[in-house]
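Copied from Swiss-Prot, the annotated features are:
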type: TOPO_DOM; residues: 1-5; note: topological domain 'Cytoplasmic'
type: TOPO_DOM; residues: 27-100; note: topological domain 'Periplasmic'
type: TOPO_DOM; residues: 122-634; note: topological domain 'Cytoplasmic'
type: BINDING; residues: Gly195, Glu196, Pro197, Gly198, Val199, Gly200, Lys201, Thr202; note: ATP binding site
type: BINDING; residues: His418, His422, Asp496; note: Zn(2+) binding site
type: ACT_SITE; residues: Glu419; note: active site
Amino acid sequence: MNALKNFFIWAIIIGAAIVAFNLFEGKREFTTKVSLNEVVKLVEEGKVSYAEVRGNTAIIQTKDGQKLEVTLPPNTNLVDKMVEKGVRVEVANPEPPGGWLVNVFLSWLPILFFIGIWIFLLRQMSGGGNVNRAFNFGKSRAKVYIEEKPKVTFKDVAGIEEVKEEVKEIIEYLKDPVKFQKLGGRPPKGVLLYGEPGVGKTLLAKAIAGEAHVPFISVSGSDFVEMFVGVGAARVRDLFETAKKHAPCIIFIDEIDAVGRARGAIPVGGGHDEREQTLNQLLVEMDGFDTSDGIIVIAATNRPDILDPALLRPGRFDRQIFIPKPDVRGRYEILKVHARNKKLAKDVDLEFVARATPGFTGADLENLLNEAALLAARKGKEEITMEEIEEALDRITMGLERKGMTISPKEKEKIAIHEAGHALMGLVSDDDDKVHKISIIPRGMALGVTQQLPIEDKHIYDKKDLYNKILVLLGGRAAEEVFFGKDGITTGAENDLQRATDLAYRMVSMWGMSDKVGPIAIRRVANPFLGGMTTAVDTSPDLLREIDEEVKRIITEQYEKAKAIVEEYKEPLKAVVKKLLEKETITCEEFVEVFKLYGIELKDKCKKEELFDKDRKSEENKELKSEEVKEEVV
């Protein structure tokens, strides 16, 4: 319907333009202006056939059809001469009353017409609605929450307790500024929240406003700069004027890197000067208001490294707070928050879900429970069970199941052997990521998956950890070669080889884990004109060759080790593959049970230590120790 309406509007506009063009072009007479002397000469030579006099202008037509225009001076006898020579002379009727108004209107009509088209296009670009909106270029597009203040509080923010403590003094200042002013202190003018996408930067800003019970003014960094020059700076001024009217309040600028990118001599991308003007105005405004005005600026970004240093100096964004991804305890608390409005069955173990989601942010966890709720609703269930949560987790981490994909029995066997090789390495090595389940059901881009879950969150890795990870990655390829020979290896190990090589390269060139190369790191720089591609600098060809040799040595050693392990456990591995082909998905416990039939014990390889139980035990031990100390004191 809207498309048809727009078609008719444009058809009318184009039609009106054609009519106006024909109207004005039709009224024009194409004549050549000449001097009075030339006309007199033509009259005397008898070359003029017709003349039309319009006030002080005469249109002369020669016998050869040429039209000439001449301006007649007062009291001229040119008309009498033309009559004497037999020229037909006509005098146009005098202009009717109001004719000059018509002429003025007709002369201005094209200009008014195109102004109307321009206004129409501006209204279309601004989304219609208010007629004046198209001209409010300099007005800020910030959303102001005054009566409807953010309902989010610190109860809705979990997993970042240290960050919450850090921002509580901002809330106290907004509630009672006199308390700080008595001691001569001032709160930070600006707070920069930075971290990976989804960690809760925007949610935390809303919670601060909700706890302080003050107006919340929200704007995106991309709302400042548009197609018109000077609009960004004007919108920054209007934003702070709006904030002063509603003080005390919080200004929240999301994705500030869109406008706060570091200034430089080399413009990268278009609109460079306009963006710098907007940034300069933002710097001036943040210097121009005093903390006694009751305005706190909170900004969020995923890229603090590209922000202008002038924006980050004390006096503007005094406090910079990093919001990390939640650890296992934080994920558990976040899951509890998002589970408040969900109907969970009794079998749902949020502690297990927290342990099974390393690297997940708050947004990821919310999406996980939402996906589980949708799956439960699709199945017609009244509650969300652990089955739906695990299925949702598999969909997010590994992709959708492609059960309808046709795979030949021979290919299926190779996939099963490949995945069994991965699982075997994970079980016999000292890798901290324990095997959870093995599946040969195609998911996403993968034809099979071996899922591993970490026992605990790790922040640093030693050389042994990295060797074990490379061993697990090469386990699938090693199993293929042992079972089918060198000519039977497949393309299924492409991603495994890439990840293993990248890990080995980092060990040698970044983390100094090679005895031959030594504890050095290759300096690398990114070129902004090549899409951020990094290149090594100040590195000799000999050193690069040594690095390549060490990477190859690490990969080769771990690959040979993986093949030896597969050879050692070849018979029980065949039985595992057979079971995997029958069931398509098996758990770690089922894998271990098959090995037990061959007299091989993989003790505690599937046991996942309960971090939460460890935490509880440590808390109990602390309480016991404190009670013992009290008794000793008494």
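Placed from the backbone N, Cα and C atoms, the Cβ positions cover glycine too.
Values in this document were obtained by computation on a predicted structure and should not be read as measured data.
Here the features listed in Swiss-Prot are painted onto the structure.
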residue : record              : DSSP (3 states)
Gly195  : ATP binding site    : coil
Lys201  : ATP binding site    : helix
His418  : Zn(2+) binding site : helix
Asp496  : Zn(2+) binding site : helix
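Put simply, of the recorded positions His418, Glu419, His422, Asp496, the one whose Cα is nearest the Cα of Pro197 (ATP binding site) is Asp496. Checked against Thr202 (ATP binding site), the recorded positions His418, Glu419, His422, Asp496 differ in C-alpha distance, with Asp496 being the nearest. By neighbour count, meaning other C-beta atoms within 10 Å, the densest spot among the binding-site residues Pro197, Gly200 is Gly200. In this structure, Glu196 is the one among the recorded positions Glu196, Glu419, Asp496 with the smallest number of other Cβ atoms inside 10 Å of its Cβ. The two recorded residues, His422 (Zn(2+) binding site) and Gly198 (ATP binding site), show a Cα separation of 31 Å. Rounded to a whole number, the distance between the Cα atoms of His418 (Zn(2+) binding site) and Glu196 (ATP binding site) is 34 Å. Residue counts for the topological domain 'Periplasmic' (27-100) by DSSP state, with H, G and I taken as helix and E and B as strand, are 19 helix, 24 strand, 31 coil. The binding-site residues considered are Gly195, Gly198, His418, His422; of these, Gly198 has the fewest other C-beta atoms within 10 angstroms of its C-beta. The C-beta environment of Lys201 (ATP binding site), restricted to residues of the same chain at least 6 apart in sequence and closer than 8 Å, consists of Leu193, Tyr194, Gly195, Asp254, Ala300, Ile323. Checked against Val199 (ATP binding site) by C-alpha proximity, the recorded positions His418, Glu419, Asp496 yield Asp496 as the nearest.
Sitting within 8 Å of the Cβ centre of His418, His422, Asp496, and not among those site residues for Zn(2+), are the Cβ atoms of Glu419, Gly421, Gly448, Thr450, Leu473, Leu474, Gly475, Gly476, Arg477, Ala479, Gly492, Ala493.
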